[in-house]
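Checked TrEMBL, it gives:
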type     : residues : note
TRANSMEM : 6-26     : transmembrane segment
TRANSMEM : 33-53    : transmembrane segment
TRANSMEM : 73-90    : transmembrane segment
TRANSMEM : 111-133  : transmembrane segment
TRANSMEM : 145-172  : transmembrane segment
TRANSMEM : 193-216  : transmembrane segment
Amino acid sequence: MFAAIAGLGVAGLDPVGALILTTAIASGARRSAVLAFFASSLGVTVLVGVALGESVQRLVDVVVSLIQVPDPARFWLQLTAAVALTVWAVRRYRNRNQSSPSQSRRARGSSMPAMLAAGTAWGIAALTDPTFYATAALAGQSRGIVVPAVLVMVWFLISQLPLLAVTVTYLINSEGPAVTRLVALTKRLSMALSHVLTALLAFAALLLAASSATYLGTGLFLPL
């Protein structure tokens, strides 16, 4: 099963989390805030994955397409994530022309509470990844909580390998040449990266909102 989970992790490889973290580092995020983002995104992803896997196993006796699972918990998770991502995207869009934000605003955006909130939202955003549902379904076949949690964690660490690399590199040596070059590149491309990140957040929010609306109307989720 670990091989299957690893394969799903490779299939779900995603650099967006690393992009979010790199932007925060360029804005002056401290080590503790960087660690908070990574830990909260990992923890929330594992919690959601385990809960989703248990839900699937309770509702079916054989493998059933996750798109057909009438799970109110999944609805509320998706709706909450859609609202959070929408607010985030709107705020970024409204501030799009402020190329040189004040130090206080930059500090707030990369503070511990802000990074915890961002990590939580990013963890819930795993619901937009089809490989996450496959991982949850496989993990749910194992009894207990520990093994499913470990399986979802393996998927996260592989699919978020760019995020893991940025986090570890920064925690080891925040003033090292690798981090310095990464931050310098991010600052040079800050405007373009900001627009890309805002668009990705808005797109993820739209997908989650559409899936929630479809569930209300038909009892089925979109095949995200």
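Glycine is no exception: its Cβ is also placed from the backbone N, Cα and C atoms.
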Which listed range (6-26, 33-53, 73-90, 193-216) shows the maximal number of Cβ pairs under 8 Å with respect to the transmembrane segment (111-133)?
33-53
Which listed stretch (6-26, 73-90, 145-172, 193-216) has the most C-beta pairs under 8 A with the transmembrane segment (33-53)?
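Stretch with the highest Cβ contact count: 145-172.
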Could you give the residue numbers and ranges of same-chain residues that sit at least 6 residues beyond the transmembrane segment (6-26) on either side and whose C-beta is under 8 angstroms from one of its C-beta atoms?
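Sequence-remote neighbours of the transmembrane segment (6-26) are 33-34, 37-38, 41, 109-110, 115, 118, 122, 129-132, 134-135, 138, 154-163, 165-167, 170, 179, 182-183, 186-187, 190, 193-194, 196-197, 200.
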